[in-house]
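Encoded as structure tokens, the structure appears first; notes follow it.
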């Protein structure tokens with residue numbers, strides 16, 4: 001497969017500030033990824049605050065409480081804005097790489113009692129089908145080598161390091177836990193090794209789209 005290429009960019013005003021949106025595309029498959037860039041990030045010796053955020057239509061756009069994705073997206077952009085410089089790679093691997101319709105099929109199995117890993121396996125997929133190596137290529141195309149990575153996922157860190165990206169710090173991103181996703185977060189911690197911190201008061205649930213507060217389940 002040919003390497004991904006940087007193909008276009010434009011200004012993108014957001015509630016977190018004026019970002020540049022940079023488009024990337026594989027020349028053979030036309031599969032697309034994007035990055036949101038704030039400030040000067042290219043070819044500097046200073047580590048850049050960055051987030052690899054995998055696409056989640058239900059969490060990012062439809063305000064789902066079944067995961068923490070939408071909360072992580074907003075929190076990452078807010079932290080980058082506060083820092084005044086940084087990058088968010090929007091990694092277009094919906095449903096941990098199984099696609100939107102299969103993710104809904106997995107949700108249906110979860111409604112019947114399976115956890116997020118069991119549901120993927122029952123559908124014939126691995127627990128995580130995502131390819132993070134492309135994100136290392138995107139960092140390189142953006143002129144970024146040293147990264148402070150906003151993540152709870154050790155696999156992202158390992159993949160970036162193996163690809164030659166210097167991860168100088170892991171920045172925790174524990175936000176959005178609620179009664180609908182606490183078991184999901186537990187599963188990611190126990191079965192996937194994610195660094196999950198439950199029910200921290202410094203990370204209160206922010207749910208401006210809910211008609212009432214969604215209480216955090218007590219442990």
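Yeah, the Cβs are placed from backbone N, Cα and C, and that goes for glycine too.
Mapped onto three states, the DSSP output places residue 128 (active site, proton acceptor) in coil. The active site, proton acceptor annotation in Swiss-Prot covers 128.
Positions annotated as active site, nucleophile by Swiss-Prot, on the basis of sequence analysis: 130. Counting every protein chain shown, the number of other Cβ atoms lying within 10 Å of the Cβ of residue 130 (active site, nucleophile) is 22.
A strand conformation is recorded for residue 53 (GTP binding site) in the three-state DSSP classification. Under the heading GTP binding site, Swiss-Prot lists 51, 52, 53, 54, 55, 72, 94, 95, 96, 116, 151, 156.
Residues annotated as Zn(2+) binding site in Swiss-Prot: 56, 67, 69. Under the three-state DSSP scheme, residue 69 (Zn(2+) binding site) falls in the helix class.
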Packing count at residue 69 (Zn(2+) binding site) (other Cβ atoms within 10 Å of its Cβ): 20
Neighbour tally for residue 151 (GTP binding site), based on other Cβ positions within 10 Å of its Cβ: 23
Neighbours of 56, 67, 69 excl. site residues, C-beta within 8 Å of centre, Zn(2+): 54, 58, 59, 60, 64, 66, 68, 70, 72
Greatest C-beta neighbour count within 10 angstroms, which of the binding-site residues 51, 53, 96: 51
Candidate nearest residue 151 (GTP binding site) in space, where candidates are the recorded positions 56, 67, 69, 128, 130 and distance is Cα-Cα: 69
